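Inspection log for the structure reproduced underneath, given as structure tokens.
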Amino acid sequence: MKKCINHMDADCIESIRSKVLATPKTRANLDFYSDECFSSYCGGGTCNVCVLASNGDAIAITSSINSAYGAMFASPSTGIILNNHMMDFNVAKDPLSLNDVEPEKQPLSSMSPTIILNKSTGLIRLVIGAAGGPKIITAVSQIILEHILYEVPLEEAMENRRLHHQLMPMKLFYEGGFPYVREMRDFGHEVEELRTININDLFIHLSSSASSIQLIDGVVKAFGDKRRHGSGATTQKTNDSV
């Protein structure tokens, strides 16, 4: 496949789409899908916050120190834990790579804080983001696809079981309860269920964790991801509010 520098480019989108439609079974060859494949480190040091203000301003913030406790080093003067995002660069030097270590360069990231506007009104329609390393992109895109395109209620789209594939490893991961696992196997995928771990009697999904806010017909609703015991909240300003 021709290297796609801009994945929003119409030619790039059509190139990927035509490959998908022309393939009766999934391929094990990485080069069929991309000429630049690299593994992603699955960290545990990311969080996401979405905020929508009463005046219509919105922010989606994804903050990360990469893996749990980052570089395992805190600044002696500030106490801030330093990140280890240097791990996100490609280790092997490749002259064609977009993600090699270079001066004054930031590594590629899976972080996908997103704000979607209502095309007809110009107002905020959806604020969304997620934590979960490389699973962020698939989580955010699946929620947007279900909610915006297929008109699934946002809370339901947040709770629906998700899929994740990142080419390396060449394996399709799914959350327990996903309804089409057999069909994925029939299509040729090697599949594996994402695990759930127990931390002090809290069951945590080793998946992505999203947060989102919607604005429809003047009504604001906020949702957190129950996979990691997240929650959303709205407040209403009263006349005696400060």
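Glycine too: its Cβ is placed from the backbone N, Cα and C atoms.
Here TrEMBL flags THR46 as active site, nucleophile. Taken residue by residue with DSSP, THR46 (active site, nucleophile) is part of a strand.
Under DSSP, ASN66 (L-glutamate binding site) is assigned to coil, being neither helix nor strand in the three-state scheme. For SER64, ILE65, ASN66, ASP88, SER109, SER110, GLY133, the entry in TrEMBL reads L-glutamate binding site.
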Least buried by Cβ count (within 10 Å) of the recorded positions THR46, SER64, ASN66, SER109, SER110: SER109
Those residues of the chain, 6+ apart, with a Cβ under 8 Å from that of ILE65 (L-glutamate binding site): GLY45, THR46, ALA71, ILE81, LEU82, ASN83, ASN84, HIS85
